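What TrEMBL annotates here:
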TRANSMEM  A:6-27  transmembrane segment
TRANSMEM  A:34-53  transmembrane segment
TRANSMEM  A:59-79  transmembrane segment
TRANSMEM  A:91-112  transmembrane segment
TRANSMEM  A:140-160  transmembrane segment
TRANSMEM  A:189-212  transmembrane segment
TRANSMEM  A:242-259  transmembrane segment
TRANSMEM  A:265-288  transmembrane segment
Amino acid sequence: MVDFVQNLISGVAVGCIYALAGLGFVLIYKSSRVINFANGQFIAIGAFMAYALAVWVKLPVLLAALLAMLLTAGLGFLVERVFLRRLVGQPIISVIMVTIGLASVLDGLMYLTPFGSGNFTFPQFLPQGGLSLGGVNVSYPQLLAIGFTAIFLVLFSWFFQRSVLGVSMRAVADDQMAAMSVGVSVQQVFALAWAVAGLTAAAAGIVVGAVSGLNQDGLIAIGLAVFPAVILGGLDSVPGAVVGGIIIGVLQSFSTAYLDGLFSQIGLVGGGSQYVMPFVVLLVMLWFKPHGLFGTEEIERV
Amino acid sequence: MKRAIILVAMAFLGLVMAQGRTVNLLWSGAITGPTSDVGGPYGAGVEDYCRYANEQKLIPNFTLNCTVRDDQYQNPNTQRIFEEALDRAKPAIYLGYSTGAMLQLKPLINEVKMPTIPASAHIGLIDPPNNQYMFLPVSSYSEQVVALMEYINRTTKNAKIALVINPSPFGRAVVDHARRAAQRLGQTIVDVREVGSGNLDNTALLRALDAAGAQFIIHQNVAGPVANILKDAQRLGLNRKIRQMGAVYTGGSDLIRLAGDAAEGFLWASSYYTLDENAPGINLQKQLAQKYNRSADILNSTNYTAGMLAAAIAIEAMKRAAQRFNGRIDNETVYQALIGMNGPNAFKPGFAVSTKAGIEIDFTRSEQTGAEGLRVLEARGGKFVPVTEPFTSALFRQVRNP
């Protein structure tokens, strides 16, 4: 039973990292219906900025993390202003293609920096080990992930339900033309969405860095790994991203614990089911509930 | 007028002769992309040794043109770079990198008769077919893993071992040999798990291996995923219960930097000298890293040593080819120089250990592994220290081709 609970808790912790990484994805989709394929690059840039500020500028890690989140938010804002603003009103596929191009450009730029090759670690800023309770153990970086996710979930829930800007974002997502006709600045909403997405991506990158070190490919891979999570939860749902992330995290943990062993027993080289299971879930979800668990089901009248 | 033209032509010819001829060497590997933590320092090692070779004129009358290309660990990139080089630069020798790309290029390498020294130590590269032109600088991954199993057997009989491997041909290279070796040693391989980078939590893995009764985990991976597993094992208190160890690319300074004190006690099979040892190659490495302004991370990396060793073997072979074949350095003469690198003509650059007296790197037509000796090192107090003398795995020779 302890094993089961431990695997569950570990899965939830990893799921929270996915949720954090997926939030930016959802915010952009929620406000503009654009799928941001450069999400992984934002995660990597945020994490490396925090590293650079902490190690090269020698700022305290937490201050460096905060600054990196703000700077990555600024980068998101800049990207929207420079590349995406002029695409307002253009077909969504064009905008999506721009994000794919953006991912490639950001990749290339990162390769030109010292971060393009090798592994990096933040200076120690959390206690070693983890919290143990009844034989169940959670590491401090994992607790940080859970804490960050909870804070962002509460903040965004409030933001989208109560704040004028949040309601404007939802209005723009529903119908750009209608929102513009009642005075909502679509451009401002888009810029804000990209900025906040940058902020959450940086938070995710910093948490991943604290858990497993910084490596460009590893960080970018997290950005892609959240696809199943956000599709499962619903592309336009903030709570959906969190629930989807946690489900995927737990699924991975359980498949490593219980499925991989079975593969080994029947003579296959075991392991690796954790990499496959999220995409199996993704396929099943797309068959039966393409809008995800909490996504908005759009009905088009013909 | 005629006399003037002849004089100018002769002066020009003299200038060209004085500058010497150019000979090409190609390295392509993952400077960026997956496994770039290995490829970056490895490429730097190749680059720096080439600069040093040119400065020291290690190949008299020849200027060495070393092309170092980033293939981003993508096989199609490696193939394109190699084919481009065949068309344009016609390298005399090729220093390869990843297991997957090398296995893919093996038939082509054999077809064009290109002497090749890969960074990958996959035994399949020097096993038939199409293996004639492949030369491993150090012992294969399989030999390293089997040697670790023999080391385990010295203290623990009938040990239960789990293999944790990279999800790639690089990782899977060792599985069959390890299974055969376990049978002969009376050990049990309780589980084989594939773990790649981005392993954010390894609790389920470690608990499953513990439940399966694993006393030892042998890793065939790069340092990043191993460091994460070591940290989780320490957090779960399993570091005292399960001893972890790994083949050459798992260990070194990268692992210690990433895993911190969780790396303590990790056992590492490596053919290379460490930076703390007084060996000619290591002293040269320190000197070159300083001269070419390499960072401390690169200097400390065993992969930097590995890149230098590969380049040193290649350049020595070119030099010997020029000496033996009247200044002709091409694929054929370099191949002949490589397979003649044995006995009194063995090469001793001082980067790798050896079990044979004075012989560090030797090749023959049928023996395509350079440094056959390896040691087991243990992470103690933030650095790796050898815990065995150099040895070769006798058992590996039995299980290689049963």
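Keep in mind that glycine also has a Cβ here, set from the backbone N, Cα and C atoms.
Looking at A:6-27, A:59-79, A:91-112, A:189-212, the range that has the most CB pairs within less than 8 A of the transmembrane segment (A:242-259) turns out to be A:6-27. Counted as Cβ pairs under 8 Å, contacts with the transmembrane segment (A:6-27) are highest for A:189-212 among A:91-112, A:140-160, A:189-212. Counting Cβ pairs closer than 8 Å and at least 6 residues apart in sequence, the transmembrane segment (A:140-160) and the transmembrane segment (A:91-112) reach fewer than three and form no contact. Outside the transmembrane segment (A:34-53), and at least 6 residues removed from its termini, the chain residues within Cβ reach (under 8 Å) are 21, 24-25, 28, 59, 61, 63-65, 67-69, 71-72, 75-76, 79, 84, 92, 95-96, 99-100, 102-103, 106-107, 110, 113, 115, 120, 122, 197-198, 201-206, 208-209, 214, 216, 219-224, 226, 235.
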